[in-house]
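Here's the structure, in structure tokens; my notes come after.
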Amino acid sequence: MSVSETNISSDAWYAFNGPENDVVLSTRVRFARNLANFPFPGKFKEDDAFRVQTLVFDSFSHCKEPDRYQGVIASELDDLGATILEERGVLDSSSAKENGRGIIVRTDGKVACEVNNKDHLRLASFVPGLDGKGAFDQLACLDDELQNTLQFAADYEIGYLTSNISDCGSGMKVSCRVHLPSLSFSGKILDLFSSFNSKEILISDCFGAGNLPSSSLGFYYQISTKTAGNGTELDQIASLVSAVKYLAENERRERNVVLRTRQTELRNRIYRSYSKEKFASLIDAREAIEIISDIKWGKNLGFFSGISDSELCALLYRVQDGHLQFVLKSKKFNFPADIAENKSLKTNYLRALILQEAFDGIKVN
């Protein structure tokens, strides 16, 4: 199985339930590490990139259960494989296939390592729901194993040395993806986000800008720590988890408020999305994100039953272009004759089919 094929199916990590799953989709922990006695990737000369890559790949081969890790030189990764890894947040799209880059993915998809992207190693751990400690623990185990064969650059007072000063210290960044439709719809989200400015918390879009002012597409946001220098790893995790729990509590309260004060608008919006999914033949990526968001919102408001939060989270990955191209490449479909030669329309057609199949068991309450 190639790196690009790893866990493309329904048993991927993001298809499982996690804590606070009604609001929190997933948690990611990332470690930035660099090898002692080598310049940062931006200052590489001659064969530095190749030597670092070789050392890192060799270190993974000495980990426990080395067969669980699949590595590839990024320049040898096909475009489809690179796109899928970008969609999963494993590979940085800005320079995914530059010379000297590499990628290592564990077969369950929960752990990955980028090689020579700004830092020599960028280790990442992914878990469903809100579970900063769980994501940290599985990455810390790998970090300890790698240090048996690699010497990481560190300073006694500063901590781990990294290419970006904001990553120095623990070398760790923590982030969560959250769904905040009620707060976004009511316009209260900006005040909440403003309260985080002094708490070293960064807010960003997950899938691009939304249609409402200052909103994210589908009301999906990424909540991240800004720096790696504030306290220990556990302090940093606790800070982010506290912020995310605060947002989740406010989102749940706001559901009740908008349900009581704007129910007609809510039902109109959510049932429109449900109808579009039921009857549309072609759905583009932005539409799909909004439909999934509205169905999830409707489920959590009590309008729908018959689908889980984890299924809806998995759909966010399944409807991405790269994942759909993989399905088109690996299976045969009978498309209507008028779109059979149009790649874009076939992708939108398949996206509509996947949504209709996933939502087939939904019951309107």
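Count begins at 1; order follows the chain as displayed.
Here the Cβ of each residue, glycine as well, is placed from N, Cα and C on the backbone.
Averaged across the domain 'Phosphagen kinase C-terminal' (23-254), the predicted model reaches a pLDDT of 92. What TrEMBL records for 23-254 is domain 'Phosphagen kinase C-terminal'.
Residues or ranges marked as ATP binding site by TrEMBL: 26-30, Arg122, 173-177, 204-209. Neighbour list (Gly208 (ATP binding site), Cβ cut-off 8 Å, at least 6 residues apart, same chain): Ser216, Leu217, Arg286.
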| Can you check what DSSP calls Gly208 (ATP binding site), collapsed to helix, strand or coil? | coil
| query | For Cys176 (ATP binding site), what is the secondary structure state per DSSP, taken as helix, strand or coil? | reply | strand
| remark: Cβ atoms other than its own within 10 Å of the Cβ of Lys173 (ATP binding site), all chains, total 22
